[in-house]
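Enquirer: The transmembrane segment annotation in Swiss-Prot covers 6-26, 37-57, 63-83, 118-138, 155-175, 181-201, 207-227, 228-248, 341-361, 378-398, 410-430 and rests on sequence analysis.
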């Protein structure tokens, strides 16, 4: 890449970054937080944060990258995607009418809410316990990270339930919403994330998500300023780099350490070059249609229920890894959101996907605002826990693609909804058995007097 070509790419990158950052800043000033702000920051991180890192790798370490015209296509496709997404998100689908009283879809009380977070936490802890009994601490047993996907590891499906510890702790926080509950959320979820990091053998998702939710709650409540958020972001990048070194068993120093930091940070936070690789091989792609979305559900179907279930699921990430890159190392390489759309339907699917994503984020913000307006604090805690708990799925959306997001968000909704239903059923059984006694002001006053 020549300096002239780099200069042209830099101008496009700068314009796209300023465009998205400016719209995000105005939205932040207006509402301080919503899921449009979160997705916009996530989109910036995924598709634009990596460009400076790639530039240093090219000019400092002479690393090979896709041709400049392909990198330009990747930057422009990301910028156009966001423009269509933003217009869709801001388009009002129906006229605003005065809020009329409606019959609520569901209600929550204190006992049901506490039962819900206990069940969610129980699912996570029991899953971790069973996985540990089968495999021990994989971080200290396996020689390479790719081995966690091999047949040596049993009970892999249990990992999908680990994440429900975070929504459980979110319910606990939203019931109190003070600084102590906020700090307790951080300590408990990060400790759990470190535990799963050691047990699973290097998976950092729970730590990243817990830390991100902690920061956004701090921003919403005014406990964290923007400069503190920036400092925490730098600390998070360094922390994720250190965990990556431990995961891959690397011991580096000097220029090698700087080089390793650049490419691991780029691959962890901003795999935008994967989109460029996909566009470089555009003519070799056999468009998959909506099949990757259907196939991604296969991993949630137990083999005893479907004996003939394919052992290898050809979703967009695996198609990109196996068919496009001819990589059979055992690790799936993230195609990114835009890349998954290209795999499914080519360039035509990029604006269509942007419209779909705009509607998805609009729905989450509607649910979040519903929680903000809710007068029943127990129901509000459940709604907010669901919304913030889905942050993991939004990260999957930006990094892995639309197909992975759809299957995971459906799984999340089913499990979360099942926990709600079980909590309500248990409450009904306890109440029928006479074990539930409603609190009254007089009884509470008597306890205080005594």
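If you go along the chain as it appears here, the first residue is 1 and each next one adds 1.
From the backbone N, Cα and C atoms, a Cβ is placed for every residue, glycine too.
In the displayed structure, how are the listed features positioned relative to their neighbours?
Expert: Sequence-distant contacts of the transmembrane segment (37-57) (same chain, six or more residues past either end, CB-CB distance under 8 Å): 6, 9-10, 13, 16-17, 20-21, 23-24, 27-28, 31, 63, 65, 74-75, 78, 82, 85, 216, 259, 262-263, 265-266, 269-273, 275, 336-338, 357, 361, 391, 394-395, 398-399.
Outside the transmembrane segment (63-83) by six or more residues, the chain places 1, 5-6, 8-9, 12-13, 15-16, 19-20, 40, 43, 47-48, 51, 54, 57, 263, 272-273, 275-277, 279-280, 337-338, 347, 350-351, 353-354 with a CB less than 8 A from a CB of the stretch.
Same-chain residues lying 6 or more positions outside the transmembrane segment (155-175) and placing a CB less than 8 Å from one of its CB atoms are 113, 116-118, 120-121, 123-125, 127-128, 130-131, 134-135, 149, 181-182, 184-185, 188-189, 192, 196, 200, 203, 205-206, 209-210, 213, 217, 299-300, 302, 377-378, 380-382, 384-386, 388-389, 392, 411, 415-416, 419.
Distant neighbours of the transmembrane segment (181-201): 124, 128, 131-132, 135-142, 145, 147-148, 153, 159, 162, 165-166, 169-170, 172-173, 175, 207, 209-211, 213-214, 217-218, 221, 223, 243, 247; these residues of the same chain sit at least 6 beyond its ends, with a Cβ under 8 Å from one of its Cβ atoms.
Long-range neighbours of the transmembrane segment (207-227) within the same chain, counting only residues 6 or more positions beyond its ends whose Cβ lies under 8 Å from a Cβ of the stretch, are 32-33, 38, 163, 166, 170, 173, 177, 179, 182, 185-186, 189-190, 192-194, 197, 236, 239-240, 243, 388, 391-392, 395.
Among residues of the same chain six or more beyond the transmembrane segment (228-248), those with a C-beta under 8 A of the stretch's C-beta atoms are 139, 144-145, 197, 201-202, 204, 207-208, 211, 215, 218-219, 260-261, 264-265, 268-269.
A Cβ distance under 8 Å defines the sequence-distant neighbours of the transmembrane segment (410-430), meaning residues of its chain 6+ beyond its ends; these are 106, 109, 111-113, 115-116, 119-120, 123, 160-161, 164, 167, 297, 300, 382, 386, 389-390, 392-393, 436.
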Enquirer: Excluding the flanking five residues on each side, which residues at least 6 beyond the ends of the transmembrane segment (6-26) place their CB within less than 8 Å of a CB in that stretch?
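Expert: Residues 37, 40-41, 43-44, 48, 51, 55, 58-59, 68, 71-72, 75-76, 78-79, 82-83, 86.
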Enquirer: Report, as numbers and ranges, which residues of the same chain sit near the transmembrane segment (118-138): CB under 8 Å and 6 or more residues beyond its ends.
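Expert: Cβ under 8 Å, 6 or more out: 147-148, 153-155, 158-159, 161-165, 167-169, 171, 192, 195-196, 198-202, 415-416, 419, 422-423.
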